[in-house]
Amino acid sequence: MNWAFLQGLLSGVNKYSTVLSRIWLSVVFIFRVLVYVVAAEEVWDDEQKDFVCNTKQPGCPNVCYDEFFPVSHVRLWALQLILVTCPSLLVVMHVAYREERERKHHLKHGPNAPSLYDNLSKKRGGLWWTYLLSLIFKAAVDAGFLYIFHRLYKDYDMPRVVACSVEPCPHTVDCYISRPTEKKVFTYFMVTTAAICILLNLSEVFYLVGKRCMEIFGPRHRRPRCRECLPDTCPPYVLSQGGHPEDGNSVLMKAGSAPVDAGGYP
């Protein structure tokens, strides 16, 4: 994947995104992906090599490392970023499907044929639901991975020394983690950015649902008032004083030219 493809992909997503979604994309690809590629992999590059225990028992450092780091931070973050960005691809695919269907429709019925969609640039119908579900899925993925990190690493902590008593270690041994402070800082940074992304996704969900409710139940969809229902002109025919039907406009002309006896009308 090159940067030109990534730019085209982001422009396709931004075409149908709100301001909150554009902020989310910036946070993901600047504060999460770039930090992960540039810095995080370098920090965790020596995680097992420099995991040292004060014992010479063969296999003890390996089992202790697996006990305290069952899954590497870097691999969990990579899986998290992949799952978080997949829903945006689904939105792009749905948009491409709509545009291709519209193109085939005009090729079959002519350029003057009515469009299948009212406005391709608006989120309506199935595209609205795809977009909304993608937001919920992204928030759920980030929340799920935050819970996994919390369960695997208590309070996202990175201690300097851990005590290990797993077999085949002969007794409780102390194991030392390399660069614990630096790893803790990056862990807190990734957790904070994930929490910000969850907040942005949920805010956009409430915004979209609230906007749709306003469109459905808003003032413009209420029934018109009785004053607006009344016609602007008189009915075409009214009864004259003699009981014969007479044009309403002629009655108005008579009313303007001579006084009309109000007592003759019921």
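Yeah, the Cβs are placed from backbone N, Cα and C, and that goes for glycine too.
The annotation intramembrane segment is assigned in Swiss-Prot to 2-13.
Per Swiss-Prot, topological domain 'Cytoplasmic' is recorded for 14-20 (among others).
If you look up Swiss-Prot, you'll see 21-40 (among others) marked as transmembrane segment, on the strength of similarity to another entry.
Cβ atoms under 8 Å from those of the topological domain 'Extracellular' (41-73) belong to residues 149, 152-153, 162, 164, 166-170, 173-179, 182-183, 186-187 of the same chain, restricted to positions at least 6 beyond its ends. The topological domain 'Extracellular' annotation in Swiss-Prot covers 41-73 (among others).
Taken residue by residue with DSSP, Cys53 (disulfide bond) is part of a strand. Taking a C-beta cut-off of under 8 Å and a sequence gap of six or more, Cys53 (disulfide bond) has these contacts in its own chain: Cys60, Pro61, Cys64, Cys164, Cys169, Val173, Asp174, Cys175, Tyr176. According to Swiss-Prot, the disulfide bond annotation covers Cys53-Cys175 (among others).
Annotation comment: Swiss-Prot describes Cys60-Cys169 (among others) as disulfide bond. Take the CB of Cys169 (disulfide bond) and look out to 10 A: across all protein chains shown you find 19 other CB atoms.
For the recorded site, Cys164 (disulfide bond), the DSSP three-state label reads strand. The disulfide bond annotation in Swiss-Prot covers Cys64-Cys164 (among others).
For the transmembrane segment (74-94), same-chain residues at least 6 beyond its ends with a Cβ under 8 Å from one of its own Cβ atoms are 9, 12-13, 16, 25, 28, 32-33, 36, 40-41, 44, 126-127, 130-131, 133-135, 137-138, 141-142, 145, 148-149, 190, 194, 197. The annotation transmembrane segment is assigned in Swiss-Prot to 74-94 (among others) on the grounds of similarity to another entry.
Annotation comment: Swiss-Prot describes 95-130 (among others) as topological domain 'Cytoplasmic', evidence class a curator's inference. Mean pLDDT, taken over the topological domain 'Cytoplasmic' (95-130), works out to 68 on the 0 to 100 scale.
Beyond the transmembrane segment (131-151), the same-chain residues lying 6 or more positions past its ends with a Cβ under 8 Å from any Cβ of the stretch are 16, 21, 24, 73, 76, 79-80, 83-84, 87-88, 90-91, 123, 187, 191, 194-195, 197-198, 201-202, 204-205, 208-209. For 131-151 (among others), the entry in Swiss-Prot reads transmembrane segment.
What Swiss-Prot records for 152-184 (among others) is topological domain 'Extracellular', and it gives a curator's inference as the kind of evidence.
Annotated transmembrane segment per Swiss-Prot: 185-205 (among others), in sequence order, evidence recorded as similarity to another entry.
Residues or ranges marked as topological domain 'Cytoplasmic' in Swiss-Prot: 206-266 (among others).
In the structure as shown, the Cβ atom of Cys64 (disulfide bond) sits within 10 Å of 22 other Cβ atoms. Nonlocal intrachain contacts for the topological domain 'Extracellular' (152-184), taken as residues 6+ away from its ends with a CB within less than 8 angstroms of a stretch CB, comprise 43-44, 46-47, 50-55, 57-61, 63-65, 67-68, 70-71, 73, 191. Classification of Cys175 (disulfide bond) by DSSP places it within a strand.
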